[in-house]
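K.L.:
Starting off with a structure, shown below.
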Amino acid sequence: MAGPHPAVAAGRRAIRDLGIAPGARVLLAVSGGQDSLALAICTAFVAERDGLKARAVIIDHQLRPESASEATHAAALLDQIGLAAEIIAVEVPGGSAGRGHGGPEAAARGARRQALIAVAERFGASAILLGHTLDDQAETVLLSLARGSGAGALSGMAPRDGLWLRPFLGLRRSDTAAICAAAGLAPVLDPSNELDGPWRQQDGSPLRRIRVRHEVMPLLAEVLGDQVSVSLARTAQLARSDDDALSERATAAFERANVPNAPADQVWLTLAELVGLHSAIRSRIIHRALTRVMPAGEQVGQVHVQEVDRLVTLRAVHGPIYVPGGVIATKESGMLKVATPQGELRGRC
């Protein structure tokens, strides 16, 4: 008797390799698209045989008139494989134009994650499974390279990030297509993933990730070979290993430099502990300090980290350094002090 298609076997193995205990509850984020549908197909199979309690959540972003019917269609597909599903409608700040840093993709992602976390808490889920593939990882690395990012960003999406698990980062989109075909299920086609889709940048052009997917990656494959996505994903894996090691050292160094009696909304770090560190460690400490006091919705850029690093290492630089989000970094009394304007005033009282 012939076994399952190799892609199906790989998908099931990826779910089992998560090591989820029998009886555990897991949540799946499913759009009905090819990748998340393949994830649902493999998870439903493993859950039935290994005693997992799996449930799917379909997020309706309400950004297109047909989104509600697509969500209903996705739920019907999941019903065919015996997977219970819940449809959650969310409000995306700014609609299809998005609001805040990152545009519509980031706004939709934020709304989606909030809804998924709420359902996971209600369901008692120990994990939320996402259907990102190796090809998604390759695109993420390429976009990070274009931004001039460090090892942290080049490491791409984490296979495990708290509740969030991405078991399919070793599978290609061709694999998820084969899994859906083997199950006899046709995925929901989302026009948002197309060049002429409804989500646009402020200048009206397609989203960068969509252009990378449809224009840049095919060209790279033509010029560099069809394994370019595999190579980019391998870069992410290697960068993550390096970043994990550096971050571990940075955490220990942060605790040594941290001044415990600083006001709750400030971070004070001993300059003597910082100046002798390797720049790779020091930059991570500075990034952590800025992130701790920065208002929600703001992001720390590498240029801001570099400016504060100059404040730390150069005697001629006295500051203050102003960072987006109203964060101020100052150097006084042998300490680097990072605070919002309100926190700085309280610290001087």
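For all residues, glycine too, the Cβ spot is worked out from N, Cα and C.
Okay, these came from TrEMBL:
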type: DOMAIN; residues: 26-195; note: domain 'tRNA(Ile)-lysidine/2-thiocytidine synthase N-terminal'
type: BINDING; residues: Ser31, Gly32, Gly33, Gln34, Asp35, Ser36; note: ATP binding site
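Can you tell me where each of these features sits in the structure?
P.N.:
Restricting the average to the domain 'tRNA(Ile)-lysidine/2-thiocytidine synthase N-terminal' (26-195) gives a pLDDT of 92.
Under the DSSP three-state reduction, Ser31 (ATP binding site) is assigned to coil, being neither helix nor strand.
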K.L.:
Which residue among the binding-site residues Ser31, Gln34, Ser36 has the fewest other Cβ atoms within 10 Å of its Cβ, if you could check?
P.N.:
Ser31
K.L.:
What's the most sparsely packed of the binding-site residues Gly32, Gly33, counting other C-beta atoms within 10 A?
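P.N.:
Per-residue Cβ counts within 10 Å for the binding-site residues Gly32, Gly33 bottom out at Gly33.
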K.L.:
Can you list the residues of the same chain, besides Ser31, Gly32, Gly33, Gln34, Asp35, Ser36, whose Cβ falls within 8 Å of the ATP site's Cβ centroid?
P.N.:
Val30, Leu37, Ala38, Leu39, Ala74, Gly131, Pro187, Val188, Asp190
